[in-house]
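K.L.:
Here you go, one structure.
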Amino acid sequence: MPAYLLLLACNVLLVLGAHVQRELVLTWEEGAPNGQSRQMIKTNGQFPSPTLIFDEGDDVEIVVRNYMHENTTIHWHGILMQDTPWSDGVPGLSQKPIEPGESYVYRFTAYPPGQYWYHSHSRATLLDGLYGALFIRRKPGTAGPWAMISEDPEDIAAMERASNNPHIMMLSDWDYYNSTQYKEADANSRLQIFCVDSILLNGKGSVYCPGHQWLIDKQIPFMHKSWPNDTITDKGCFPFVPSTEGPWLADGNVSAIPPGLQEGCVPYSGPTEAIEVDPADRWASVNWIGGSTFKTLQPTIDEHEMWIYEVDGHYIEPRRADTFLIWAGERYSAMIRLDKKPMDYSIRVPDGGYSQMIAAFGILRYKNGDPNARQKPDRFGVTTISKPYFDYNAWPMRDAVFLDKLDLPPWPRKVPAAHGDDMHVLYLGKANSTWEFTLSGKKKYPPDRSAYEPLLYNVNSEQAHDDDLIIRTQNGTWQDIVLQVGHSPLWPVDFPHAVHKHANKYWRIGGGQGLWNYSSVEEAMADQPESFNMVNPPYRDTFLTEFTGAMWVVLRYQVTSPGAWLLHCHFEMHLDNGMAMAILDGVDKWPHVPPEYTQGFHGFREHELPGPAGFWGLVSKILRPESLVWAGGAAVVLLSLFIGGLWRLWQRRMQGTYYVLSQEDERDRFSMDKEAWKSEETKRM
């Protein structure tokens, strides 16, 4: 190959990115992330799922093999899925469920760069452990906002290195009861339950039982005001009150809650997460992921201030903070200066005070730190002598700076269009019970809706035209989504909702108290200009409603990625109990779905199909009609097309037959006992 062609090929690869393949094997087995054993989901034998790291622009191919007893899918949270909507991972929208014993191929471009994560999107199985971090490194030479933190060239270089080699901290909650049992507890008790056993840091934690009276003494003023005649349980769980249960509180049956879920604390000791930093690096990036299913968490690192420089995978103008509230689905990347005395410092992550008094503890460990800088373990096993910002109850112990979540302007500046083309007003809230929800205000979105007839494949179906659950948009248009909570006099105060849209980031251009009584966003802007920000509005993929009574939020985005996408609350039980809608973006430019997805091959291309099906795919490539045409003249053309057509019809049927047989073989393998399966897997590997 001439040298210039080789150079050109290398440049093309740099632009397009490498082809990267990964395999995720899902199993249902015993685990004890907080010291208490239960059945759970493991990925490649571990929990949390493996951290996936790609370079910006990589061509990613991930084979997911389901060896569990239930079907599943995986969503790649925050990835735009431009031109690959069949890989978004939502059953009933972008794919059919991956049944037990089956496999599925996800293909997408690693873009945009930044901190993301992946998790199950089938029923409420996020509670069972299927989630992991996904990080996309920026291209070399990409500018960052480092000079807004420090103008020192050495600091800038150190921060750039740290941003591409972060310490990832997955924050999640965990309970002994699995997702099915938890949902049954909600339904049987007719109550919205928020209680868990543990907060986990990178899948590690313990069950803390500091004592009922100790917890009662730690109650802060708003708690006494919220339940003057009641108290928290020995697990720190809040009592059921009208602000969370609505007018159906009296219908609740606390006795139907399983033992140990709401009260009855039993301590268990599990592992403690520690991240090691080298002060010679000057700076470190700690990337926090809100992988919780219920909890709103408040992370801090003793004696270390944070510079938040990226939110939901997008650079912002850095903001200094000692702590912030991180909700389900959110991500915050924080730069910390490594200039403290070399020793251990506690990482403390309490619940932010919304549903339970509970916390997790980890360690920021300086390399070559002082081994004597320790104390006797306290009631939580903490041995550090560092000074905390907040107590176990999330109450400040000294002056601390909270992050203002409405003051997170994207960097460089990025603003939406001045006017929207369409407006959709959604009335979020309960659906005639404490534990069922609606996003549209009209209907619940069933968790298995159109599961086996994905709307991506059936954009003109009857289910794709249900105005109560479906929004249809035109490509290139600007859409305004108005989220209204507290609109019903039956429940004027509603618990916050973390609303996430697939395939898009969007701007929060406005928000205000009261009821939305406007025919357009422009009318509202004219009436309440102080409630809108069109200069530097926050830009991310997850936004919140507020716990302040009736209020509204206006979100704006442009339709640039046609496909079937989900809009939903990221609290797992809210989603599984109905708080979602489908947005069919760009119905006028609907994507063509490749045959390997529409024809039941689960993303496997002809030559990739297992067993004999793969053989027939290879043979078909050799004997397809166009190959015969190349070998003959004009007289052969008609004959080759005729023979080739018959051959393609026959081999397609055979290929499908062998694929079905291969999947049945996978199910047979799945049904073997656990030890035999592991032995078989060892042989295959």
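Cβ coordinates come from backbone N, Cα and C, glycine included.
So Swiss-Prot has the following annotated:
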SIGNAL    1-17  signal peptide
DOMAIN    26-139  domain 'Plastocyanin-like 1'
CARBOHYD  Asn71  N-linked glycosylation site
BINDING   His75  Cu cation 1 binding site
BINDING   His77, His119  Cu cation 2 binding site
BINDING   His121  Cu cation 3 binding site
DOMAIN    168-368  domain 'Plastocyanin-like 2'
CARBOHYD  Asn178  N-linked glycosylation site
CARBOHYD  Asn229  N-linked glycosylation site
CARBOHYD  Asn253  N-linked glycosylation site
CARBOHYD  Asn432  N-linked glycosylation site
DOMAIN    466-585  domain 'Plastocyanin-like 3'
CARBOHYD  Asn475  N-linked glycosylation site
BINDING   His500  Cu cation 4 binding site
CARBOHYD  Asn517  N-linked glycosylation site
TRANSMEM  627-647  transmembrane segment
K.L.:
Quick one: of the recorded positions His77, Asn475, Asn517, which has its CA closest to the CA of Asn229 (N-linked glycosylation site)?
P.N.:
Asn517
K.L.:
For Asn432 (N-linked glycosylation site) and Asn253 (N-linked glycosylation site), determine the Cα separation and express it in whole Å.
P.N.:
16
K.L.:
Work through the glycosylation sites one by one (Asn71, Asn229) and point out the residue whose CB has the fewest other CB atoms within 10 angstroms.
P.N.:
Asn229
K.L.:
What does the DSSP secondary structure composition of the domain 'Plastocyanin-like 1' (26-139) look like, as residue counts for helix, strand and coil?
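P.N.:
Its residues divide into 7 helix, 58 strand, 49 coil.
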K.L.:
Across the domain 'Plastocyanin-like 1' (26-139), what does the pLDDT come to on average, as a whole number?
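P.N.:
Over the domain 'Plastocyanin-like 1' (26-139), the predicted model scores a mean pLDDT of 98.
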K.L.:
My understanding is the cutoff is Cβ-Cβ under 8 Å with a sequence separation of 6 or more in the same chain; which residues meet that for Asn253 (N-linked glycosylation site)?
P.N.:
Asn188, Ser189, Arg190, Leu191
K.L.:
With DSSP as the yardstick, break the domain 'Plastocyanin-like 3' (466-585) down into helix, strand and coil residue counts.
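P.N.:
Going by DSSP assignments, the domain 'Plastocyanin-like 3' (466-585) contains 15 helix, 50 strand, 55 coil.
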K.L.:
Within 10 Å of His75 (Cu cation 1 binding site) (Cα to Cα), which of the recorded positions His119, Asn475, His500 do you find?
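P.N.:
The recorded positions close to His75 (Cu cation 1 binding site) (Cα within 10 Å), listed in sequence order, are His119.
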K.L.:
Comparing the binding-site residues His75, His121, His500, which residue's C-beta has the most other C-beta atoms within 10 angstroms in this structure?
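P.N.:
By the 10 Å Cβ neighbour count, His121 comes out on top.
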K.L.:
Just counting, how many other CB atoms are there within 10 A of the CB of Asn517 (N-linked glycosylation site)?
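P.N.:
Counting Cβ neighbours of Asn517 (N-linked glycosylation site) within 10 Å gives 9.
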K.L.:
So for Asn432 (N-linked glycosylation site), how many other CB atoms are inside 10 Å of its CB?
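P.N.:
Taking every protein chain into account, the count is 12.
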K.L.:
Using all protein chains in view, find how many other C-beta atoms are within 10 Å of the C-beta of His119 (Cu cation 2 binding site).
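P.N.:
The answer is 26.
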